[in-house]
């Protein structure tokens, strides 16, 4: 049984306050995009092992036990006594890009196990399991445009469609430490909530919807800021960094037929949003 975990982008990201536990409260809008990994599981005949992880595509660092798809399997295996499995993960979503690739893999693994082994878990229960694995993992259970607050784990639906818009996503060969990005942030409450801004026409977003991480990341990694500027110079009506970076995306008008763009970057993805 195979599934295709997809990435997300952040539309706006406001860091509103630092919490007593050391984490930060924020508000952002998660929007799913059709940049996908591939994930497959089969029954493992060698019952001496709980799982075997087969990885291909983009390189992933760390031991198999640290991979979120494995953590997702072990979480349900412990409760439902699942059989041993072969896990095949093909990575197309870059890591460390602010695209939620690892979180998507984990959430889709939960959904895949639920379907394959007839666990009959409702979405709400799957979201509870996903939240154990990571703050934004639960978003990928329903996988629809969502307003997120708290530490990125309190969700409410957003009536938003970017169907027809052209998306250009660029990730330079740069790794941004999320911890370092947070350390430079001065939390503040914005004048207008993203819940209100997201209802405005996309053509107005440039001047009112921001990613607070850009203030700390751009001075350290000028190449990321240059990509954002280049997207605007090529005609994007809105461009921003996703999450804490290092990827940057641009939205182009449905009326504008754009050709394939080239960037001096490690990764570039271009598609029409459906």
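The chain as shown is numbered from 1 upward.
For all residues, glycine too, the Cβ spot is worked out from N, Cα and C.
Feature annotation from Swiss-Prot assigns active site to 8 (among others). A strand conformation is recorded for residue 8 (active site) in the three-state DSSP classification. Residue density at residue 8 (active site): 27 other Cβ atoms are found within 10 A of its Cβ, drawing on all protein chains shown.
Cβ neighbours within 10 Å of residue 136 (active site), excluding its own Cβ and spanning all shown chains: 26. Sequence annotations record features per position, and here Swiss-Prot assigns active site to 136 (among others) based on sequence analysis.
According to Swiss-Prot, the feature ATP binding site maps to 94, 95, 96, 97, 98, 99, 100, 101, 102, 103, 104, an assignment based on sequence analysis. Applying an 8 A CB threshold to same-chain residues 6+ apart, the list for residue 94 (ATP binding site) reads 58, 101, 171, 247, 266, 267.
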Neighbours of residue 8 (active site) among the binding-site residues 96, 98, 100, 102, 104 (Cα to Cα, within 10 Å): 98, 100, 104
Same chain, 6+ residues apart, C-beta under 8 Å of the C-beta of residue 98 (ATP binding site), given in sequence order: 9, 10, 176, 241, 242, 243, 244, 245, 246, 247
Nearest-integer angstrom distance between the alpha carbons (Cα) of residue 102 (ATP binding site) and residue 136 (active site): 10
Distance from residue 100 (ATP binding site) back to residue 136 (active site), taken between C-alpha atoms, in Å: 8
